[in-house]
Amino acid sequence: MIQNDVLAKFKEIFGDEGDIRVYFAPGRVNLIGEHTDYNGGHVFPCALTIGTYMAARKRTDRKLCFYSMNFDELGVIESSLDAFTPDPDGLWTNYPMGVMWAFEGRGMKLETGLDIALFGNIPNGSGLSSSASLEVVTGYMLKDLYGFDVTNQDLALIGQYSENNYNGCNCGIMDQFASAMGKKDNAIFLDTSDLSFEYAPIVLDGAKIVVTNSMVKHSLVTSAYNDRRNESAQALKDLQTVVDIKTLGDLTDEQFEQYKGAIKDEVARKRGKHAVYENQRTIAAVRALKENDIETFGKLMNASHVSLRDDYETSCPEVDVLVDEAWKIPGVIGSRITGGGFGGCTVSIVKDASVDEFKEKLTKAYEEKVGKTPEFYVVSIGDGPSRLI
Ligand code: GAF
């Protein structure tokens, strides 16, 4: 079991005395509702059974000592509770440090430092929210070890706050919310305008959720992401001159068509269109799922990809190959890019009988056209954070 390996590593690095606890928080895959979470729209992610495992023990001084089994070569990284300044080279410790800094900013002072060892089994850069899982597991560990009175929803907000303000990525709430609030075999239908949500059981009769890793991650992802955020904010600002709305999520497709002329810049108009239509698609997709109409759900996933590719421009040629090839296979109900984009993974719903064919055909086509071998994960939907040891 992974938690035992992490505990063993902790003891090897930091010694075995005292109260050592081990925690887990999941990554996520988003089924539909992409780039809507900072536009007041809906999202539909689910927590995975892969994520980040963290062993931790309080120290008696103010030192913070970190060890990641994913970066053995870096050894123990030392910092302190008096040194909350983000590492300029984006060291991974910026994520747990950012969460500690955010706790302190909310008046939850850490009186003593920590020894921490961790291991993450989410492929790096795959867009399955390894950073959100690291933020949430850190928050959950702090809550448990120091006895802070915070809910899992607070942990999501703290994670997002730290990512925005300590790590410089202006992300929305989806990833941290999916990790902190995950529920086995359920996706989360979240309205990001007020954080109201409901769990939706994912019972796919005779089909699987398959995540395909393109194994590419394009550079400048954070700045491209922040650009998209600014462009949709511009679309909203222009629309607010002609219609009384708080977010793009307040508009229907028809209203967007009626008012879109107010958006002066063509790029901002495309971004606005995606945000409005994607939100409506997400609402329609969840409705279809509730009616057991998985075919409609799949078609909406496909439309989501087209919109992300053409209007939001967060796909990339490699991922488009995976989606195009997937669409050609008869047992594929739907396939789209998932997550922030510019590389990363696709999510597909594939009939059981076609999963092998799906893997074979996509591997062959991707190797031929892109020169890389994709990886596949048949997904199980897991719970939110927990203490394991
Ligand atoms: C990234 C962000 F972190 C999320 O908040 C969300 O905007 C997503 O991209 C796109 O839907 O994962």
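From the backbone N, Cα and C atoms, a Cβ is placed for every residue, glycine too.
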(request) Have a look through Tyr166, Tyr199, Tyr225 and flag the one TrEMBL assigns to the substrate site that Glu34, His35, Thr36, Asp37 belong to. (result) Tyr225
(request) From the recorded positions listed here (Arg28, Asp37, Ser131, Glu163, Asp175), select those whose CB sits under 6 A from an atom of ligand 1. (result) Asp37, Asp175
(request) Identify all same-chain residues not among Glu34, His35, Thr36, Asp37, Tyr225 whose C-beta atom falls within 8 angstroms of the centroid of the substrate site's C-beta atoms; report them in sequence order. (result) Gly33, Tyr38, Asn39, Val43, Gly172, Met174, Arg228, Ala275, Glu278, Gly340
(request) Anything within 10 Å of Asp175 (active site, proton acceptor)? Look among the recorded positions Arg28, His35, Thr36, Ser131, Glu163, Tyr225, comparing CA atoms, and list what you find. (result) Arg28, Ser131
(request) Take the C-alpha atoms of Ser131 (Mg(2+) binding site) and Arg28 (site 'Transition state stabilizer') and report the distance between them in angstrom, rounded. (result) 11
(request) Quick one: pull the CA-CA distance for Glu34 (substrate binding site) versus Arg28 (site 'Transition state stabilizer'), whole Å only. (result) 13
(message) Can you tell me how many other Cβ atoms are located within 10 Å of the Cβ belonging to Glu163 (Mg(2+) binding site)?
(response) 25
